[in-house]
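Asker: When I checked Swiss-Prot for this same protein, it listed these features:
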DOMAIN    93-282  domain 'ABC transmembrane type-1'
TRANSMEM  27-47  transmembrane segment
TRANSMEM  97-117  transmembrane segment
TRANSMEM  132-152  transmembrane segment
TRANSMEM  156-178  transmembrane segment
TRANSMEM  202-222  transmembrane segment
TRANSMEM  226-246  transmembrane segment
TRANSMEM  262-282  transmembrane segment
Amino acid sequence: MSDTPLTFAPKTPLQEFWFYFKQNRGALIGLIFILIVALISILAPYIAPFDPTEQNRTALLLPPAWYEGGNPAYLLGTDDIGRDILSRIIYGTRISVFAGFIIVLLSCAFGTSLGLISGYYGGVLDTIIIRLIDIMLAIPNLLLTIVVVSILEPSLANATLAIAVVSIPSYVRLTRAAMMNEKNRDYVTSSKVAGAGILRLMFIVILPNCLAPLIVQMTMGISNAILELATLGFLGIGAKPPTPELGTMLSEARGFMQAANWLVTIPGLVILSLVLAFNLMGDGLRDALDPKLKQ
C-alpha cells in the first residue's frame, strides 16, 4: 500500500479573506448587526407600526411597554406630541445609514481621484493638493462641517454634503501614499510598455492594488458620518423636524431628560450601537486585508 501525499487546494482570495475575518468575533457581531439594520432599513415602510410623523394626542409621553403605564401598541413609548418612538427609530436608523453610505461614496470618489492624480503626477500639482489637504486637516472636522453647513443653509442634504467634503482629506492621503508606493513597480511599467493610457494606469491597473486600506477607511468613515450627522442634527443644523433623524430626536428630547428619559436613552443607544458595529467590522476588515497583520 503506497502512501499518497495529501494535497490541499489553495484558498481563493475570498476564502482567505473570510478565514481571517471570521477569527475576529467582534467583527462578526458587527457584521451581523449591520446586516440586520440594513434589512430593517429596507423594510421600514412595512415593519414600522406607525407613520413616524403621525401624532396621537391621546398618547403623549407614554413610557416603553415594559414600564408601568406603558402601552403594548407603543413598544418604545411615545414623545411629547404622541409620535411612536419605535417607528421614528426605524426610520431614523434608515436615514442615518443611507446618509452614511452616501457620504462615504462621495468623499471616497473625490478623495481617491485626487489622491491618484497627486501621487501619479507629483511635482507642483502634488504640492498644491497636499497643502490644501493639510489646511483642511488643520481645522477640527466638526468646526469645518458647521462652517460648510452654515454657508450652504442647514438641511439634511447640505449636512450630508458638508460631511462628505470634510471627509475627503483622509482618502486623498491614503490613496496618494498607496499610489506613490505602487507606481514604480514592475507590473505598472509593463502596462506602460503595453500602451496603457494614464487613466487606465491609475484607475484599472494601480487602484485595485490600493483598495485594502480604502475599504477599511470607508467602513470607519460610515461610523464617523453617522456620528457627525447625529451631532449636526442635535445642534439644529442638520435634519429639521419632523424628520425622524436620530440626532434631531435627541435635540427634541433635551427638555424631557428627567420626566421621560427614554426619549434620550433609546436614540442614544441606537447611535452608539451603529457606530460600534461599523468600528468593529472595520477592525475585522483591517485584520483580514492587511498582510502584515496576517503574519
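Every residue, even glycine, has its Cβ placed from backbone N, Cα and C.
Walk me through where these features lie, including what they touch and how far apart they are.
Answerer: Within its own chain, the transmembrane segment (27-47) is flanked in space by residues 21, 90-91, 93-94, 97-98, 273-274, 276-281, 283-285, 287-288, which lie at least six positions past its ends and keep a Cβ under 8 Å from the stretch.
Long-range Cβ contacts of the transmembrane segment (202-222) within its own chain (Cβ-Cβ under 8 Å, at least 6 residues beyond either end) map to 97, 100-101, 103-104, 107-108, 112, 116-117, 120, 167, 170-171, 174-175, 178-179, 182-183, 187-188, 191, 196, 278-279, 281-282, 285-286, 289-290.
If you look at the transmembrane segment (262-282), the same-chain residues 6 or more away from its ends with a CB under 8 A from one of its CBs are 24, 26-27, 29-31, 33-34, 37, 63-64, 67, 76-77, 79-80, 85, 89, 92-93, 96-97, 216, 219-220, 222-223, 226-227, 230, 246-247, 249-250, 252-254, 256.
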Asker: Against which stretches of its own chain does the transmembrane segment (226-246) lie, if we need a Cβ under 8 Å and a gap of at least six residues from its ends?
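Answerer: Sequence-remote neighbours of the transmembrane segment (226-246) are 52-53, 83, 87-89, 91-93, 95-97, 99-100, 103, 141-142, 145-146, 149-150, 154-156, 159-160, 162-163, 166, 252, 267, 270-271, 274-275, 278.
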Asker: Cβ under 8 Å to the transmembrane segment (97-117), counting only same-chain residues 6 or more beyond its ends: which ones?
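Answerer: Cβ under 8 Å, 6 or more out: 37-38, 41, 125, 129, 156, 160-161, 163-165, 167-176, 178-179, 202-203, 206-207, 214, 217-218, 221-223, 225-226, 229, 274.
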